[in-house]
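Below: one structure, written as structure tokens.
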Amino acid sequence: MHSVGRSWLLLTGFILFYIIYLLFGALVFSSIERPVEDKLREDMIVLKQEFLNLSCVNAASLELFLVKVLKANKYGVSVLRNSSVPSNWDLASSMFFANTLVTTVGYGHTTPLSDTGKAFSIIYALIGVPFTMLVLTACVQRLMYPLVLAPVGLLQRSGIEPRPATVVHFVLLLVLVVLCFFVAPAAVFSTVEVSWSFLDGIYFCFISLCTIGLGDFVPGTHPGQKYRPLYQVTVMVYLFVGLMMMYLLLRTFHKMADLHGLTTFLQLPRCEESDLDEDREPIVENERQSQKEKAANKPLEPGSQPSYNTINKG
């Protein structure tokens, strides 16, 4: 099999394993945390009924009631309308939690209730976070040529000087990312989430794609929301693709800054020439590929394809 075909096959395997890893985490979190959550819900119902049955309430009883209610609310269990609120640890919600865990977004709207869940979160994140970074890097390297190198070469062939071409390309890419991953999703969120304004949607997109994850706005948590599992899976896909595009945008800016001498001026690390070449070669390429096969895959004319390496830095 050709090396490019093998690399695509391996990349596909990475993505499939990533999805399986999320499902595995969702099943484990759900099996561990849902029974504890159900017990907490039952306790809240009993506590509420006992409170209502009291003929009179003293300060100590009220304080105890509030402490337990606030503690339960911290874990996403409310004493209000418990029967109509879906579980925070069903399969879709657990997978959403696993996704926020391995992408380091971590909204904090749902946290493990049990010690077992907390211990598993540590182990799961230790494996999941670096693996997520690996998958994101592999995907970004696949996107570097069609979204960065090829457009820059096209701008140069249209008559624009090399350095202005990189600036124009970066501005266009920035506008594309803002429109597709901030403005458009914010409009969708402000429509689906009845309590969100358009500004709230923009704020959520920024907080999420910068992996700040404050947790004051979390999609899919409104009681009685239709198609909640499908909605949460869609948000997971948005987060993954959005993080990938943010990484692509940052890497493009780094290359542009390197070309314009900004990294040298600020005494920052430069993009290595080998790293630039890797944008054309997938990160998952088989390292055992023979030198003969590599030579056969090289273009006959190195300058015939657009690359940051071909831009005159003088």
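Count begins at 1; order follows the chain as displayed.
Yeah, the Cβs are placed from backbone N, Cα and C, and that goes for glycine too.
The compositional bias 'Basic and acidic residues' annotation in TrEMBL covers 281-296.
The annotation compositional bias 'Polar residues' is assigned in TrEMBL to 304-314.
Mean pLDDT across the domain 'Potassium channel' (83-143) comes to 88 in this model. Taken from TrEMBL, the feature domain 'Potassium channel' applies to 83-143 (among others).
Residues annotated as domain 'Potassium channel' in TrEMBL: 178-256 (among others).
The N-linked glycosylation site feature in TrEMBL is assigned to Asn82.
The region 'Disordered' annotation in TrEMBL covers 273-314.
Taken from TrEMBL, the feature transmembrane segment covers 6-30 (among others).
According to TrEMBL, the transmembrane segment annotation covers 122-145 (among others).
Sequence annotations record features per position, and here TrEMBL assigns transmembrane segment to 165-189 (among others).
Long-range Cβ contacts of the transmembrane segment (201-218) within its own chain (Cβ-Cβ under 8 Å, at least 6 residues beyond either end) map to 100, 103-109, 181-183, 185-190, 193, 239, 242-243, 246. Here TrEMBL flags 201-218 (among others) as transmembrane segment.
Residues or ranges marked as transmembrane segment by TrEMBL: 230-250 (among others). Away from its own ends, the transmembrane segment (230-250) comes close to residues 22, 92-93, 95-96, 99-100, 103, 105, 136-137, 139-140, 143-144, 147-148, 173-174, 177, 180-181, 185, 192, 205, 208-211, 219-220 of its chain (Cβ-Cβ under 8 Å, at least six residues beyond either end).
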